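> Shown below is the structure under consideration.
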Amino acid sequence: MEKRPLIKKEDSRKERPAQKMVALPGWQRITLLIVLGYEGAGCLLGGTLLVAAPDGRYMDMPTTMMHGVFSDFLIPGIILFGLGILNTFAFFTVLRRAASDWFMAGLALGGLFIWFVVEIIILQELHWLHAMWGIPVLLGLVVTIPLIVLRHDTAIMRKALLSCGILSSLWYVAINIFVPMMYDGYSMASLTVSELSAIGASTRIVWVLLAMLYLLLLIAFGWGVLKSSGHSRQLRIAGNLIIAYCIMNFYWPPMHQREVIAAGGGTLTDTLHIIWAMMTLLFNMLLMGFGAAALGKRFRIYTIATWLVFIVFGILTFMESPGIEANLPTPHIGLWERINMGAFLLWIIVFAFVLLKIERLFNSINGSEHLVNSSTNA
């Protein structure tokens, strides 16, 4: 009996034209220029003020906030000013469409990413200014990835991007094991994942920082899905949904600890946290649906089975959730929630493996055709 192809005939990878883009789409390039210009100007101004007044008086920042790591702001100011120069140079490199634009943009935004990670660790707190200046850096990295791919559009690059899907799931599992160990009294069975990053939780900062790498890896996977989609409209939609899902999760409104909520201390951020959770589930199911629609029957059946897991354990999670607001025992809510998360992470891994298999098949067919043509011409 003839096997059904993994991708519908009209969406076959064989039909994908072998061509390279010569420039980023307009919106991506404009976004990157805005981010580089915005961050460059901010770094130059902030660095100048810190160097001019190392005691921080021009920016109303006491030196004690650095907890003794630096005696004043002179060295941080010099570094910040240097990052401003680097981002400004990257801006003009991208503006001129220079061959090194991918490198300069990645170097500038990567430097800022490291700056914010180190700054948050030193300050030992998350501030609204980190969202104001940090989220644009993440958005800049989102559009830098396709620029890097544009300059290095090879089979190895596409495989690397698709492999990021596998790495993202493995990383999320790893931090779900590591971070709870830093929270005294935390139980993975009875407490939710969100409580690791709740306002006032001892693990809030480390969770937020480590989770950023998960999102960046998943974004790279989303671009890999787009690059490998060929004529498949469903895969293009799935790739775009993965990227949109990650961008939405760059800022996840934190919840308060259950003791605070039970005492009436809940605020708008707790309501937004629930809304974000519902939107995340919607994104997950949509991207899974479009991904499954592009692939074979067995993968569609597997996706439906994953949805059933979502429904069953989602209901079990919902049944215990009132205990969070009332600060009552929730003996299995963490377990039910993690089963759902694990089902999605496993789906991403399987999805990535299937696409990698198709990519290898496509490359082997192209390689065989090249050998045939070469021998014919010889």
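Numbers run from 1 along the shown chain.
Glycine residues also receive a Cβ, built from the backbone N, Cα and C atoms like all the rest.
The transmembrane segment annotation in TrEMBL covers 30-53, 73-95, 102-122, 128-149, 161-183, 205-225, 237-254, 274-294, 301-319, 339-356.
A description of the local structural setting of each listed feature is requested, covering burial, neighbours and distances.
Residues 24, 59, 73-74, 76-88, 90-91, 94-95, 105, 108-109, 112, 133, 136-137, 139-140, 143-144, 147 of the same chain sit 6 or more residues outside the transmembrane segment (30-53) yet have a Cβ under 8 Å from a Cβ within it.
Sequence-distant contacts of the transmembrane segment (73-95) (same chain, at least 6 residues past either end, Cβ-Cβ under 8 Å): 29, 32-33, 36-37, 39-51, 53-56, 61, 63, 66, 101, 104-105, 107-109, 111-112, 115, 147.
Same-chain residues lying 6 or more positions outside the transmembrane segment (102-122) and placing a CB less than 8 Å from one of its CB atoms are 32, 35-36, 39-40, 43, 66-67, 69, 79-80, 83, 86-87, 89-90, 93-94, 130, 133-134, 137-138, 140-141, 144, 147-148, 150-152, 205, 208-209.
Sequence-distant contacts of the transmembrane segment (128-149) (same chain, six or more residues past either end, CB-CB distance under 8 Å): 24, 28-29, 31-32, 35-36, 38-39, 42, 94, 101-102, 105-106, 109-110, 112-113, 116, 119-120, 157-158, 161, 212, 215-216, 219-220, 223, 226-227, 243, 246-247, 250-251.
Sequence-remote contacts of a segment are chain residues at least 6 beyond its ends whose Cβ falls under 8 Å from one of its Cβ atoms, and for the transmembrane segment (237-254) they are 131, 135, 138-139, 142, 194, 197-199, 204, 212, 215-216, 218-219, 221-226, 229, 268-270, 272-273, 275-276, 279-280, 283-284, 286-288, 290-291, 294.
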> So if I exclude everything within five residues of the ends of the transmembrane segment (301-319), which remaining residues of that chain have a CB under 8 angstroms from its CBs? That is, six or more out.
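For the transmembrane segment (301-319), the nonlocal Cβ contacts are 281, 284-285, 288-289, 291-292, 332-333, 336-337, 339-340, 343-344, 346-347, 350.
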